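This report concerns only the one structure given below.
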Amino acid sequence: MKSRFENALASAPESLSRHLAPIILAADFDASLSTVQFDELLKQTGMTDNQLRVALLPFAAAYSYAPISEFYVGAIVRGLSGALYFGANMEFDGVQLGQTVHAEQSAISHAWMKGEQGLSDITINFSPCGHCRQFMNELSSAKELKIQLPEREEKKLHDYLPDSFGPSDLGIESALMSQVHHGFATEDDDALMQRAVEAMNRSHAPYTHNLSGVALQTESGRVYLGAYAENAAFNPSLPPLQVALIQLLLAGERFENIQSAALVESHKGKISHLACTQSTLEALNPDIPVSYLSL
């Protein structure tokens, strides 16, 4: 990861490279920029807000894990708090392509898992595909969300997705990233399972009711959470395992560092993530133990 950052720094404008390097090369950099950090970079570089976000995209793309396509995409979202969150596309050898995570989904779930309750804008290397436009239409801030592309005027999501189909068409009022706590608890004393329940309580699954969460523990002892992000169009839904894997990659860890995993889901759900979670983890490392609980 450090070498990717160094390559991006070498290609960036000197004013940005000089002031960004101490931030992005720090051991505790977590693929996000605070409002204060971003505002300082604006002053130091003399760039406009849009120009700076576009200039930061190569640093987001540095997190890309694309062994199949070798097509590296970065995305940056700004939460309602003003903080910026990086994201990048993620692919998996040995499993079907439906497990792929797009850069927009990565950045959005990154902000979500760090507590944001909505987004004001998203900046992307390339025009968002239909899959991602639909995924973004599930957000609490979809109507106001702005999209910035390199060398293009900023537009609203619904300029890219006119006459959209969304939650309201299915009679659903809840939205992805809205503040929620589903109230699940377990008497299981396993610490990793407890964290998976924590993720489950933040999940969004109004269509199948399969509220679910995943917790991954790595050799470092750190734990990464993933909550299920369901979508009105079904296919763009993002499974809890993928959301957790995104957090792991954006923290600078590697899949081979995963030591154990836990999945918890509602017994009232019309679907289950168990088989896909097991098969994807097995493709990464067949020795990863997976604990499972249905509540």
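Note: Cβ is positioned from N, Cα and C throughout, glycine not excepted.
Among the candidates His102, His110, His158, the residue that Swiss-Prot annotates alongside Cys129, Cys132 as binding Zn(2+) is His102.
Around His102 (Zn(2+) binding site), the same-chain residues at least 6 positions away in sequence with a Cβ under 8 Å from its Cβ are Val73, Asn89, Cys129, His131, Cys132, Phe135. Model confidence over the domain 'CMP/dCMP-type deaminase 1' (48-168) stands at 96, taken as the mean pLDDT rounded to a whole number.
The Cβ of Glu104 (active site, proton donor) lies under 8 Å from the Cβ of Ala75, Gly87, Ile122, Ile124, Pro128, Cys132, Phe135, Met136, each on the same chain and at least six residues away in sequence. The residues near the substrate site, meaning same-chain residues not in Asn89, Met90, Glu91 whose C-beta sits within 8 angstroms of the mean position of the site's C-beta atoms, are Ser64, Tyr65, Ala66, Ser69, Ala88, Phe92, Thr100, Val101, His102, Ala103, Ser106, in sequence order.
Taking the Cβ of Glu91 (substrate binding site) as reference, residues of its chain lying under 8 Å away and at least six apart in sequence are, in sequence order, Tyr65, Ala66, Pro67, Ile68, Ser69, Leu97, Thr100, Val101. Counting every protein chain shown, the number of other Cβ atoms lying within 10 Å of the Cβ of Cys129 (Zn(2+) binding site) is 12.
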